[in-house]
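Engineer: Take a look at what TrEMBL says about it:
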- 110-128: transmembrane segment (TRANSMEM)
- 134-155: transmembrane segment (TRANSMEM)
- 175-196: transmembrane segment (TRANSMEM)
- 202-220: transmembrane segment (TRANSMEM)
- 227-248: transmembrane segment (TRANSMEM)
- 254-280: transmembrane segment (TRANSMEM)
- 301-319: transmembrane segment (TRANSMEM)
- 356-374: transmembrane segment (TRANSMEM)
């Protein structure tokens, strides 16, 4: 009896859903027909133009200049008496679609993270006050990142098609042609390096161009040959904060190398944890990663470079980049990452890898924010050492040099 009542309820529920949707569709279509008919019958001409538009109507048309508003409804439907305006809408839709394609081709989220590290490198440099230079550095770096990512996806089309994480990329699903992607990557690379060389300085432009070549010509092909690709990829990720520092100082002092070292070490727990959950896809596509060839080395390297973050963080107050409070605060956030790396090393599984990956995502922006918050008032650089100079004394020195 209970089963019979249950079946009856299911039948009534299905009938109600079908009836509701059928009636709803009929009402919507009827309203659209009435809107279109009223639009023609009343000969409405909004804003003193010959355009007829209703947001609820499906038909969107524009009268030809020679057609009067008193023309009958039947005559207006003649193809000779109206000009479609859908072409403009099609162009707008195509433009929006192309912007989304370029965003995916550039890997916008990854590019944003790289730009963040570049801005941090600029902010940590001594006497970083030129906003124009900062904006130029950000734009140039973003274009270089877009170029490298576009060319990387172009080279990996057959391999991305075999992995679940990348099979929906724009080139795999033929959203744009390979020639289009190559043109986009080439133009953004030229524009990015050009902005850095003309509006920033040649050293930053060299670093940007080197990063594009290193990512596309070294890291990308090495992914299918040797596990050393992870170390090459870490170098690529370590260069952007050095670009930010070089943009401000036109030099690569010790502080720039420390920033690069922190980003270099951070990438191993971040990427190795990601690679663990992607190991089946990497194996299917033929990539040679530590997680496939030597899983124990994968977790051990993650722990090793997490430990390296501690001394790198302690060097920054020692050389005068930050106050000593940063040593304390960075120890706390580094311990959180170390705990996740230790669990991943002790027992490598999907959960521990996922915990380490998300811990690394939180770790990087937090430690960079702490570094900028504890930045020490810096003076001038002499022989790769930051010398504290009082503002009044610095003004006196500048006046003496001018006279």
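Using N, Cα and C of the backbone, Cβ positions are placed for all residues, glycine too.
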Engineer: Applying the under-8 angstroms CB criterion, which one of 110-128, 202-220, 227-248, 301-319 scores highest with the transmembrane segment (356-374)?
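Structural biologist: The stretch with the most close Cβ contacts to the transmembrane segment (356-374) is 110-128.
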Engineer: Near the transmembrane segment (110-128), which residues from the same chain, at least 6 beyond its ends, have a CB less than 8 A from one of its CBs?
Structural biologist: 134, 137-138, 141-142, 145-146, 149, 237, 240-245, 247-249, 255-256, 259, 263, 321, 364-365, 368, 371-372, 375, 378-381, 386
Engineer: Sequence-remote contacts (6 or more beyond its ends) of the transmembrane segment (134-155), Cβ cut-off under 8 Å?
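Structural biologist: Here the qualifying positions are 102, 105-107, 110-111, 114-115, 118-119, 122, 128, 169-171, 178, 181-182, 184-186, 188-189, 191-196, 199-200, 204-205, 208-209, 211-212, 215-216, 220-221, 236, 240, 243-244, 247.
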Engineer: By a Cβ-Cβ criterion of under 8 Å, what residues six or more beyond either terminus of the transmembrane segment (227-248) are in contact with it?
Structural biologist: 114-115, 117-128, 130, 133-134, 136-137, 141, 148, 196, 200-201, 203-204, 207-208, 210-211, 214-215, 218-219, 255-257, 259-264, 267-268, 271-272, 288-290, 293-294, 297, 301
